[in-house]
Amino acid sequence: MKTKEAVLLYLQENSGEPISGEKMALALNKSRTSIWKAIQSLKKEGYAIDSSTNKGYTLSENNDVLSEQQINQELIQQHHPIDWVIQTMESTTSTNDLAKLYANQNSTTPAIFISEEQTAGRGRLGRKFVSPSKTGLYISLCLFPTIALEDLSLITCATAVACVETLEELTGKSLNIKWVNDLFYQDKKVGGILTEVISDFESQQVQALIVGMGINLIENPQSFPKELHSIVGSIFSSRKEYEAHSFNRNQFIATFLEKWAFYYQNLSKRDFIKSYKEHSNVIGKSVKVIEGNLVYDAFAKDIDENGHLIIEKEDNTLHSLSYGEVSIRTK
């Protein structure tokens, strides 16, 4: 373990308590100079570390710097079943792009890519996904599963449920899911999920599964076009509210991965469908449906065990939607 990582871990284990440079040097078998350099490096990365001549160094309990080490530490404590390669960064074009590059390197180890910002984030159907810096969280998982193409919609459903349940657990707020991949809070979209695959055309086998997720955490209207202000929202109305909740993104990622891994490893049991239906904001409502080249009105009745939306058309016939888009009709 590098000196900086060892110092961070030691400070985290004693979070909120002052530790002298001498004590840390003895405990880690490092020189006081190397301890000082590690502290300065951590401060540059954004860690809030107070320095006192008499007391030493104190790591604030409210640090929110994306940390591969802290995420791994949380996962180890959970006895997490998947050994992830974890990469965090300040900015990238798209975390899904990074996941695709990784998938093409012939690795078989699952990986997760996490960024503070995306400069070319995208959603379904190639739409732009605005991903401003410091106010959101953008994540992509890359796995190499044995899964049928027809089960991919279940992955999207499981991801939505794991994300919503984690956000509700850590914030106390109630969220909804709009079929099939949008996350809503107070009737505004606060997140989306994009599931992509690299597959073999002849065998129809999935070679790599990429699950991307973007979440708007802190209100940042200036980053979005005016026409989206009434549609797009965030989990927290301000940075002050965000900090008041002591929301920690590393804890969110680790908790999300714990829930996601359970649903993923038990995909055939479909344990998440009940929660997916309970969080749905379309069931029982009139919707506009876009299915391929068809656009029509219908009534959303249910979601089946495959994550398909059951709709009743205007001629009273029932139809199962496995793809497409729906929007809630306003009277």
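Residue positions begin at 1 at the first shown residue.
Backbone N, Cα and C define each Cβ position, glycine as well.
Averaged across the DNA-binding region (21-40), pLDDT in this predicted model comes to 93. The DNA-binding region annotation in TrEMBL covers 21-40.
Marked as biotin binding site by TrEMBL: SER94, THR95, ASN96, GLN118, ARG122, GLY123, ARG124, LYS189. GLN118 (biotin binding site) carries a strand DSSP state (E or B).
Residues annotated as domain 'BPL/LPL catalytic' in TrEMBL: 69-268.
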Among ARG122, LYS189 [binding-site residues], residue with fewest other Cβ within 10 Å: LYS189
Where GLY123 (biotin binding site) falls in three-state DSSP terms: coil
Where THR95 (biotin binding site) falls in three-state DSSP terms: helix
Among SER94, THR95, ASN96, GLN118, ARG122, GLY123, ARG124, LYS189, the record's biotin binders - longest CA distance, Å: 20
Neighbourhood of GLN118 (biotin binding site), C-beta criterion under 8 angstroms, separation at least six: SER91, THR92, THR93, SER94, THR95, PHE129, SER131, TYR138, GLY214
